[in-house]
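Under the heading domain 'Pyrroline-5-carboxylate reductase catalytic N-terminal', TrEMBL lists 5-131. Among the features that TrEMBL reports, NADP(+) binding site is placed at 8, 9, 10, 11, 12, 13. Marked as coiled coil by TrEMBL: 47-74. Here TrEMBL flags 87 as NADPH binding site. According to TrEMBL, the domain 'Pyrroline-5-carboxylate reductase dimerisation' annotation covers 197-302.
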């Protein structure tokens, strides 16, 4: 079954979604490619945003393959790019609509839909918007013959290395028809976990904001290396590989608890335990926990502002 996807607000996360899907269209098997959309529609704020989006996608496509024929086959004949005033045209043409806009823009878009005669029957809506619950979207869309999926991911998704939390609901018959394709498409973003919608605010903090928290720690490691006399580039390379390798070790050891792996590095009276004690004295661990829970609190507040 061929189908189309419309991305309403194709900014950073919308582009990440497109890039990940395109990667599978190049590297995937014939069977996998059949699970993916064949047509894309996008809206951006203005013509300049459309041009910027095209430039980003072209650059991402070049990173996937240097084969000129591949680049030609993934050209913009598969896309129709609109500005924001054409949101309704995108919704009308698309089978699956991905909302990738700011939380404060959602109600205006939904009001546009309500005031139009665009049919929402058999449509699939995917929301990347923090704070907007499935119930609040269903109430404004006012249609039972549809599927609504909430999705939270992060910026590494554009390389297919994201973490993704998803929650589906809607017409059971329609959902059974679409769920396999939706999950396969979403899995191109990275590791996917299906959780109850009640966990979405936590997912927004842990997953959506997570890269910034990791990068904050990475920056501190790099700065520490520089302070001790290691040149910037070498310090960055070493710190980055340490973070990457440690994350990979967690996967390769079948998700062994971090505390177990941590204590494998420690020796009595050694450098590692001394550093860990100092970090604990400075509140590093509690600061991370409190920072993530505060981000989740703000995510929940976004939902209350509607």
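Quick reminder: no glycine exception, Cβ is built from N, Cα and C everywhere.
Just so you know, TrEMBL annotations never went through curation; they're auto-generated.
In this structure, residue 12 (NADP(+) binding site) is part of a helix by DSSP. If you average pLDDT over the domain 'Pyrroline-5-carboxylate reductase dimerisation' (197-302) in this model, you get 97. Residues 7, 14, 15, 44, 100, 101, 128 surround the recorded NADP(+) site, their Cβ atoms falling within 8 Å of the Cβ centroid of 8, 9, 10, 11, 12, 13, which are themselves excluded.
In sequence order, 155 make up the list of same-chain residues 6 or more apart from residue 12 (NADP(+) binding site) whose Cβ falls under 8 Å from its Cβ. Residue 10 (NADP(+) binding site) and the residue listed as 'NADPH binding site' have their C-alpha atoms 12 Å apart, to the nearest angstrom.
Scoring each of the binding-site residues (8, 10) by how many neighbouring Cβ atoms lie within 10 Å, the top position goes to 10. For the pair residue 87 (NADPH binding site) and residue 8 (NADP(+) binding site), the C-alpha distance works out to 7 angstrom.
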